[in-house]
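Novice: Could you have a look at this structure, given as C-alpha cells, before my questions?
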Amino acid sequence: MDERYYDQSNEQKAIQTKYPSINKRFEYLDHTADVQLHAWGSTLQEAFEQVTTAMFCYITDLAVVEPLQTMEIEAEGGDMMSLLYNFMDAWLFNFCADPFFIPRELKVISLDRVNFKIRSIGWGEQFNLDKHPQESQHD
Amino acid sequence: MSRSYNDEQAFLEKLDRNTWRIKKGFVPNMQVEGAFYVNDYLEKLMFEELRNACRGGGFGGFLPAMKQIGNVAALPGIVHKSIGLPDVHSGYGFAIGNMAAFDMSNPKAVVSPGGVGFDINCGVRLLRTNLDEQDVQPVKEQLTQSLFDHIPVGVGSKGVIPMLGKDLEEALEMGVDWSLREGYAWAEDKEHCEEYGRMLQADPNKVSSKAKKRGLPQLGTLGAGNHYAEVQVVDEIFDMHAAHKMGIDHTGQVCLMIHCGSRGLGHQVATDALVAMEKAMKRDNIIVNDRQLACAHVNSTEGQDYLKGMAAAGNYAWVNRSSMTFLTRQAFAKIFNMTPDDLDMHVIYDVSHNIAKVEEHIVGGKQCTLLLIGQPVLIGGTMGTCSYVLTGTEKGMTETFGTTCHGAGRALSRAKSRRNLDYQDVLNKLADKGISIRVASPKLVMEEAPESYKNVTDVVNTCHSAGISKKAIKLRPIGVIKG
C-alpha cells in the first residue's frame, strides 16, 4: 500500500525517525464493503503477529506510536480460525475500550496448536487523538 | 463448488429489465429461489464480481454477492425469496442489501447476526429546518466547522455527553425515552422514529460487559467508515403529497442528515452472538453453506438472547442519533443565533438499515408472522452526491416485504480507492461542487470518495422502475462531516 504522509507534524516526524521502522509482512486486498488483511511470516506465530499489525496499521499510523508501555493478551478458541479471530478481537477490544492501547509491535509468546491457546505481548501506548492520526475503522 | 462462469449462467434467468432470478441449485440446499434488482450498469458489476470469483486461484478473495444471496436462500425456515436490492454487494454471510424473511411458526427458522450486520441499527435520520439555501451559503464554512467542533468523529473519538454505567443500562433499555428524560430529545422526535426509537424486547442483561465497556465512551459519536453528518438542500420534489407530509414544501429548503449506528457496542453484540451460535449450531445440527452464516433457531436460547441484545444495541443507536441530533441543533443555534425551536429543526424520519423485525405479512395468500432481516427508506448517497427519500409501494410490500435499498453500495474496494484516488483531488472535486467538508482522516476521504461507490441515482431509479419504492425527494449536500 502506498505510504503517503498527509500533513505529518514535526512531532510525528520526530517520533518516526526515533525508532526502527515497523517490520511489515502484510498487504491489504480488495473487498467491496471492507478490507481483507493478508499477512505472512516464517512461522505461524509471525503470521499471527503480522495480521494483527496489519489491522492496527489500518486504524492509525503505527510509525508514530511509541513503545512506552506493554500489554499482555491471551486468547483461546475452538479451532484455528476462531483462535485467530479471538486473538485479534482481544487486541481490538483493548484499543476500543479502556485502556485504549495501541501496540506498535507485538510478539507471540506461545501458540498451542492442540488446545488452541495463544499468549502474546505488545509494546505501544495509549491512543491519543492529539498525537496519533485517525485513519480508518468501519463500525 | 467450482463451476465455470458459463456453467453458472444456467442457474440465472433475466425476468425483465430490472429483475434477475436465481434458480435452485445455484448453491446447494436452496429452500427458495433468489432474486435481485439491477439496472444495466449495476448488472455489469454483479456479474463481474461473479466472474472474478469463478476465476479463483491464489489467496484472499470473497464470495460474490450472487452466491451469498443463494446461500441465504438455503437457510432453514426462509420463505418467499432471498432478495438482493439494487445496492447489493458482497458482505458477511449475507450480501449487503440482501433481504430474507423467516416464518416464525416454523421451529427450524433461524436468525443470523451476519444478516443484521455488525453495526446494529446503523441508520439514517433526517432533520428539517426552516432555513433556505441562501440563508446558509454565506455561513457554510462556519456551519460545517461548528458541526465538526460539536460532534466527535473518527477512530478513537469519545463522546462528550456525560455517561456512567447506570446511564448506559437505562439507555439500552429505554432507547429514545432515555434521551427524552435526560433532555437531549424533543417529544415529537419519537413520533417520527422507527419503532418510536425504542425496541421493547431489549434486555440490557443480554448485552455483555465487553460490549458495554466499548459502548460507554462512544455514546454520541459519529464513528468512522461510511458514517457522516450532512447539511443538505432539497434539490427536487417528485411526490409533492409525500413531501408535504414530511414538512417539505419547496426546493432550496435546508435539511440535515445523520448516518450512524451503534458503534463498538453493536459490533461486540454481533461478535458475541456469532461465537455463541457457532456452538449452538453443532448442538442443534444446523448446516449452512458458509461459516459466516452462523445462526441459531429463533426460539432457541441463543436466538432469543441475540434478538434481545440486538434490540438493546438498536436502542443504543437511537440514543446515539438523538445525542447527535442534540449536538447538531446546538451547532446550528450557535451559527444562526436562534434557538433550535425557532429554527424548526424537527425530525422528519429516522430509519434503520441494519435490523431484524417481526412483522405480519401475507405470504402465498396466508397471513404469516415473519422475522425480517434487512430494512429502510432514507437513502444516503455518497460523500458529495445526492441523497433520496423514498416511500413504500404496494408492490414493494408483497415483493420485498417493504424493504428497499439503503445506499449507493460500493463499487471499488477500500484498498483500491486508497491506491488509485488522490486525497487532494477528491477534496478539490467536492469544493468545485460547492460542498464544504471536514474529515478526521485523510485516508478515509479516498475510501469514501464518490468514485468508490455505485451511482446512488442508478440505485434509486432501479428501485423506482422495479416498483419496489417511489422517489419522493432528492437532496443535495452543501456541507459534510466525516470520521
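Here the Cβ of each residue, glycine as well, is placed from N, Cα and C on the backbone.
Sharing the feature lines straight out of TrEMBL:
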- B:HIS406: active site, GMP-histidine intermediate (ACT_SITE)
- B:ASP119, B:CYS122, B:HIS227: Mn(2+) 1 binding site (BINDING)
- B:CYS122, B:HIS259, B:HIS353: Mn(2+) 2 binding site (BINDING)
- B:226-230, B:353-354, B:380-383, B:SER387, B:406-409, B:LYS482: GMP binding site (BINDING)
Novice: Are any of the binding-site residues B:HIS227, B:ALA229, B:HIS259, B:HIS353, B:ASN354 near chain A, where near means a Cβ under 8 Å from a Cβ there, and if so which?
Specialist: B:HIS227
Novice: Out of B:ASP119, B:CYS122, B:HIS259, B:HIS353, point to the one nearest B:ASN226 (GMP binding site) in space (Cα versus Cα); all of them are binding-site residues in the record.
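Specialist: Minimum Cα distance from B:ASN226 (GMP binding site) across B:ASP119, B:CYS122, B:HIS259, B:HIS353 lands on B:HIS259.
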Novice: Taking the Cα atoms as reference points, how far is B:ASN354 (GMP binding site) from B:ASP119 (Mn(2+) 1 binding site) in Å?
Specialist: 7
Novice: Do me a favour and check the Cα-Cα span between B:ALA229 (GMP binding site) and B:HIS259 (Mn(2+) 2 binding site); whole Å is fine.
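Specialist: Distance (Cα to Cα, whole Å): 6 Å.
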Novice: Take the Cβ of B:ALA229 (GMP binding site) and count every other Cβ within 10 Å, whichever protein chain it belongs to.
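Specialist: Result for B:ALA229 (GMP binding site): 29 other Cβ atoms within 10 Å.
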Novice: Which of the binding-site residues listed here (B:ASP119, B:CYS122, B:HIS227) have a Cα atom within 10 Å of the Cα of B:HIS259 (Mn(2+) 2 binding site)?
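Specialist: Of B:ASP119, B:CYS122, B:HIS227, within range: B:CYS122, B:HIS227.
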Novice: Which of the three DSSP states, helix, strand or coil, fits B:ALA229 (GMP binding site)?
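Specialist: DSSP call for B:ALA229 (GMP binding site): strand.
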Novice: What kind of secondary structure is B:HIS259 (Mn(2+) 2 binding site) part of, going by DSSP in three states?
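Specialist: DSSP assigns B:HIS259 (Mn(2+) 2 binding site) to strand.
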Novice: Rounded to the nearest Å, what's the C-alpha distance separating B:ASP119 (Mn(2+) 1 binding site) and B:HIS353 (Mn(2+) 2 binding site)? Just drop the number here, would you?
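Specialist: Their Cα atoms are separated by 9 Å.
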Novice: Expressed to the nearest Å, what is the distance separating B:CYS122 (Mn(2+) 1 binding site) and B:HIS353 (Mn(2+) 2 binding site) at their Cα atoms?
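Specialist: Checking the Cα atoms of B:CYS122 (Mn(2+) 1 binding site) and B:HIS353 (Mn(2+) 2 binding site) gives a distance of 6 Å.
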